[in-house]
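Q: Straight out of TrEMBL:
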| type | residues | note |
| --- | --- | --- |
| TRANSMEM | A:21-41 | transmembrane segment |
| TRANSMEM | A:53-74 | transmembrane segment |
| TRANSMEM | A:104-123 | transmembrane segment |
| TRANSMEM | A:135-156 | transmembrane segment |
| TRANSMEM | A:163-181 | transmembrane segment |
| TRANSMEM | A:187-207 | transmembrane segment |
| TRANSMEM | A:214-233 | transmembrane segment |
| TRANSMEM | A:276-298 | transmembrane segment |
| TRANSMEM | A:331-354 | transmembrane segment |
| TRANSMEM | A:366-394 | transmembrane segment |
| TRANSMEM | A:415-431 | transmembrane segment |
Amino acid sequence: MAYTTENNQSGLMAKAIKEGIFAGLIAFGMFLLFVGIETYQDINNQLVWRTRWGLLAVFVAVAAIGRFVTVGFIKPHLDARKLAKAKTGVLEISDKKSFFHRHFLKIALVFLLCYPFLAMLIVGRQGSLKYVDNFGIQILIYVMLAWGLNIVVGLAGLLDLGYVAFYAVGAYSYALLSSYFGFSFWLLLPMAGILAALWGVILGFPVLRLRGDYLAIVTLAFGEIIRLVLINWTDVTRGTFGVSGIAKASFFGIWSFDVGAANNFNKAWGLPSSSVYYKMFLFYIILALCMLTAYVTIRLRRMPIGRAWEALREDEIACRSLGINTVTTKLTAFATGAMFGGFAGSFFAARQGFVSPESFVFLESAVILAIVVLGGMGSLTGIAIAAVVMVGGTELLREMEFLKHIFGPDFTPELYRMLLFGLAMIIVMLFKPRGFVGTREPTAFLKERKAVSGSFTKEGHG
Amino acid sequence: MVRPLKDRIRGKYMEYFIQQLINGLTLGSIYGLVAIGYTMVYGIIGMINFAHGDIFMLGGFAALIIFLILTSFFAGIPVALLLLLMLLVGMLMTGLWNWTIERVAYRPLRGSFRLAPLITAIGMSIALSNFIQVTQGPRNKPIPPLVTDTYHFGDITISLKQILIVVITSILLFAFWYIVNKTPLGRAQRATEQDRKMAALLGVDVDKTISITFIMGAALAAVAGAMYLMYYGVASFNDGFIPGVKAFTAAVLGGIGSLPGAVLGGLLIGLIESLWSAYFSIAYKDVATFAILAIVLIFKPTGILGRPEVEKV
């Protein structure tokens, strides 16, 4: 017995070494040209090259050692743990939840309500600007967008790769209507939502017959068409220059946040002049919008239309044969999702004070869809967690000044933002293909409500 | 002095049209080669390989770097040999990349739900273009023109590089058609495409077949990337997205899963693009492409040569 384990052990090591060398060779082949050689323009603007063997060696070593450790140590360890668990017969899901787990939503909400004040208390007025704006508002915009897209993808099972189009419609509705007609934010916020919903119906109507991947591609095409029109219709949208000087949101028309205005918010309340109060105000607006999205989603899931969406996702043919009108069901899903995208868009325009087609590229759609899927489609909490991890994580990279001390002053962590984002998407999917939150709470149940595994819900075929 | 094209062709509608036709054909050949990669992967594992456009971009960069190395070591290298080496190394390189990508990011998720590999593919696309941006810099990389000869037929100008692109594409297409239709490998591919489980039961090595499909798709994309570089003389890290989407459009237009369809779709997209730019507006040429994609899908979702999809209950 002892002999066989030892034999297995040495066999495992031999295998690990072999796989490690193989991975190293593959990495050498892959990175030889792209990492081993650097191309750059010299003073004469001539393209020349130089070698970077050191960096290439690092890449190859990381691949080889990583593979060796995975095959030799991590995988046997994981297998052994799985086996031990299977033997004891204890299931991973336990009924008992910790206090934090049970009251997670309440705690999170209270934290969010206090967040701007906490930030101000801890890092001071000017220091908190970054935390409220770059982290708070930025993440909440993505939470709202992802929750909006969740209605289309997670509930109705319609794969939409052009969601950013509705975001753009909302942003440009606010930007253009406020700069041409001078309407206020509070009037244009619902109008942007309605316009985006209208576009949702317009774009949704022709694609109703399509399923699955075809739907995804047509929505991608529509998203690109809207962006290209925004770029090229220069008379109205000013093309790539974008619309700037967009009016700020006011405190329900009572106080203004413009510095020169007579009813300036800071003056009225005797506060020192600082843009942080406006940012805090914006934080609460987007928080309220997010809560609205969540509330509507949760309520709709309990209403006939929400049930129809989920039925459509599970089985379209059964749905149709039971007399559900799939046309209106799909259109309402598109319109509702688009409406929230429109709200988020008009908020975005008010916050930035500037919109340009650059903000509405396909990458944004991909990021929003990635958040929805990584969070576990249909789970609002999971999506919010995914947004915090993915958006907050990439924002955090901007702050990593200490990395400059390690890698030298030329090192700009921002450059690696999207690279890491892409890699994170792959890694999360590989380890958690069902997303961060793998369980679902059904809205319809017999006798008692039980969380079911996400594997039992379908992703829909459009 | 050479007069501007607009003056030379004034009143010569036919010549202008034929000139645009030739330009469109060249561009369409490139799209067609990339489209084959999309259509084969979609056919065999039913997944939109979003990273394929970036594989095309990697192919262009591989060709660029090989070009720089060879021209700096052997100044007087014959252009034909240079081109051949650019293509071969590019094919090898991107084949290796796509093999690894499939192995690492797609294969573990093959049994998973449908959106999972789509998300990893989008992630891979973002990672690849940013990887090149980080390692090779964000600026456009111009190279001196490789092939400069042009031929004049009356008022129509055909450049040697256009002929090269069309000829290389035709040769590759023939080779490909032969592999897929006449060899045991192609038979395994077609069997896997029709029914993966049944093919595995009958002794087809499904994993290997899928790997080879990815390598073949990448090799064609690399050729397309190298020719794109030769045609436009510039490479950039974000070159993958727009040509990638257009090639995918071509694959869908021709009927996804169908090889001749991918080529036909590529040629049509190339022609639409160049004719639209010539007669309407250059600014809206991409809008035209996408609009045609949407219209085709809405009225004939299976594309021009695609098989109708049977709805199973």
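Here the Cβ of each residue, glycine as well, is placed from N, Cα and C on the backbone.
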Q: Looking only at the recorded stretches A:135-156, A:163-181, A:214-233, A:331-354, which one has the largest tally of CB-CB distances under 8 Å to the transmembrane segment (A:187-207)?
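A: The stretch I would name here is A:331-354.
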Q: For the transmembrane segment (A:53-74), could you work out the same-chain residues 6 or more beyond its ends whose Cβ comes under 8 Å from its Cβ atoms?
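A: Answer is 12-13, 15-17, 19-24, 26-28, 31-32, 35-36.
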Q: Test the contact criterion for the transmembrane segment (A:276-298) and the transmembrane segment (A:331-354): 3 or more CB pairs under 8 Å, pairs 6 or more apart in sequence, then answer yes or no.
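A: Touching, yes - the transmembrane segment (A:276-298) and the transmembrane segment (A:331-354) meet the threshold of 3 or more Cβ pairs under 8 Å.
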Q: Do the transmembrane segment (A:331-354) and the transmembrane segment (A:135-156) share at least 3 Cβ pairs under 8 Å, sequence separation 6 or more?
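A: The answer is yes, given that the two segments have at least 3 Cβ pairs within the 8 Å cut-off.
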Q: List, by number or range, the same-chain residues at least 6 past the transmembrane segment (A:135-156) whose CB is under 8 A from its CB atoms?
A: 115-116, 119, 163, 166-167, 279, 282-283, 286-287, 289-290, 293-294, 297, 300-301, 306, 309-310, 312-313, 329-330, 333-334, 336-341, 343-344, 347-348, 351, 367-369, 371-373, 375, 377-380, 383-384, 386-388, 390-392, 395, 460
